[in-house]
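Student: Feature annotation from Swiss-Prot assigns ATP binding site to A18, F19, S20, G21, G22, L23, D24, T25, S26, A44, G130, T132, D137, D195. Among the features that Swiss-Prot reports, L-citrulline binding site is placed at Y100, N136, R140, S193, T202, E204, E281, with the record citing similarity to another entry. Among the features that Swiss-Prot reports, L-aspartate binding site is placed at T132, N136, D137, with the record citing similarity to another entry.
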Amino acid sequence: MSNTILQNLPKGQKVGIAFSGGLDTSAALLWMRQKGAVPYAYTANLGQPDEDDYNAIPKKAMAYGAENARLIDCRAQLAHEGIAAIQCGAFHISTGGIPYFNTTPLGRAVTGTMLVAAMKEDDVNIWGDGSTFKGNDIERFYRYGLLTNPNLKIYKPWLDVQFIEELGGRLEMSQFLIENGFDYKMSVEKAYSTDSNMLGATHEAKDLEQLSTGMKIVKPIMGVAFWDEKVEIKPETVTVTFEDGVPVALNGKHFDNAVDLILEANRIGGRHGLGMSDQIENRIIEAKSRGIYEAPGMALLHIAYERLVTGIHNEDTIEQYRINGIRLGRLLYQGRWFDPQALMLRETAQRWVAKAITGTVTLELRRGNDFTILNTESPNLTYEAERLSMEKVEDAPFDPIDRIGQLTMRNLDVSDTRGKLGIYAQTGLLSAIKDSVLPQLGKK
């Protein structure tokens, strides 16, 4: 494994490159061809909301010198993994109760496996991509690539000293393309970087690295700038239906195709700016980073799913769902979505939690993450209003005498707890003085 990462261009050999059609990968592909490698270009169709013409990307790769260029449709698999993440609650990062839906890690899990599988079909066993050494993606792609092809070698132009010396910046790469006859005009550089797929968009870096720079500099690509009072956003009533843990209908319209359902959920949530969040997170290498995230469809489905979870399952099941979801979210973030420990947690949630989730949730969406749940319907609900009704109920499930007995049984653990607190007070762990949290503890 020590020779897995190649620090110099493998001349005369096939090199697969994850090709986006942007400046970096265009310049890298042309440079590799000129330096003697045989580049093969692979483009993932992940339903990116900011991509207009996927079919044009492989043609562009061929023009830059690719031996062959393929467009790999990853949307169905991405939809499948996105729904699995919702079923498991695989989201470990949140601020103020608003989660980051791990949309980039989900995209990397799909891209890293499906592109390398396509390379294997072409007998391409060297892979390059645009991830940098400071980020998470370099490790995610490394893991998923080697899981898919254990014989894979990794070559990244951005880790090659010669490439960096010759084409180390955007200006140098643009001039390189122009000098080689390509009419390349650099786009106006934004104040931040954006990466997206069908499930969500990530905005980070540059100006957003400063915590004093707020979300308002971001131009949403999956919805509206809900903070702008000039943007008219009308309240909207929406229904979301699940069957056996799978979202199947929106506003009464059934979808046989998960991709189409997610795209419609994006449109609905996007009209309100639902699912946008500002997060500080810990990267895989433990350094903190900051990102602004969009995920309107994931947010809509997650809200409805969790409402059904709380109405159907008991407290202990919900607790395990949440704890395991945090663990699984972190594994997903680290590029371990297909590791045994992740598969174990996924199977647990999908079998014992998701299978019972059948029903319809009605919501009113307003601006941003402001919403109201209007109704929750399910044949599997264990919520029954009459069980705890404050009104007099015929044939009540329990009466005052029953509760007296239940409370009397609590005397055992209350007595044990008081004894333990007394021990803690005697040893100095707790103070029994007047202003203490437990001022009366020392009294008999």
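Cβ atoms are placed via backbone N, Cα and C, with glycine included.
Remember, predicted model here, so these are calculated numbers, not experimental data.
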Student: If H, G and I count as helix, E and B as strand, and all else as coil, what does DSSP give for D24 (ATP binding site)?
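Tutor: Where D24 (ATP binding site) sits, the three-state DSSP reduction gives helix.
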Student: Measuring Cα to Cα, tell me the gap between N136 (L-citrulline binding site) and G130 (ATP binding site) in whole angstrom.
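Tutor: Here the two Cα atoms are 12 Å apart.
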Student: Using the recorded L-aspartate site (T132, N136, D137) as reference, state which further residues of the same chain have their Cβ within 8 Å of the centre of those residues' Cβ atoms, listed in sequence order.
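Tutor: Here the non-site neighbours turn out to be S131, F133, K134, G135, I138, E139, R140, F141.
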Student: When the Cα of S26 (ATP binding site) is compared with the Cα of each of the binding-site residues Y100, R140, S193, T202, E281, which one is closest?
Tutor: S193
Student: State the Cα to Cα distance, in Å, between S193 (L-citrulline binding site) and D24 (ATP binding site), rounded to an integer.
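Tutor: Approximately 13 Å lies between the Cα of S193 (L-citrulline binding site) and that of D24 (ATP binding site).
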Student: State the Cα to Cα distance, in Å, between A18 (ATP binding site) and T132 (L-aspartate binding site), rounded to an integer.
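Tutor: Answer for this pair: 14 Å between alpha carbons.
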Student: So among Y100, T202, E281, all listed as binding-site residues, which is physically nearest to S20 (ATP binding site)? Use the C-alpha atoms.
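Tutor: For S20 (ATP binding site), the closest Cα among Y100, T202, E281 is found at T202.
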Student: In whole Å, note down how far the CA of E204 (L-citrulline binding site) lies from the CA of G22 (ATP binding site).
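Tutor: One finds 17 Å between the Cα atoms of these residues.
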Student: When a 10 Å sphere is centred on the Cβ of S193 (L-citrulline binding site), how many other Cβ atoms does it contain?
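Tutor: Result for S193 (L-citrulline binding site): 13 other Cβ atoms within 10 Å.
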Student: Compare the C-alpha of Y100 (L-citrulline binding site) with the C-alpha of each of the binding-site residues D24, G130, T132, D137, and give the closest one.
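Tutor: Sorting the binding-site residues by distance from Y100 (L-citrulline binding site), the top entry is D137.
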Student: Which is it, of S20, S26, T132, N136, T202: the one of these binding-site residues whose Cβ has the most other Cβ atoms within 10 Å?
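Tutor: Its Cβ has the most other Cβ atoms within 10 Å: S26.
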Student: Do you know which of the binding-site residues G22, D24, R140 has the most other C-beta atoms within 10 angstroms of its C-beta?
Tutor: R140
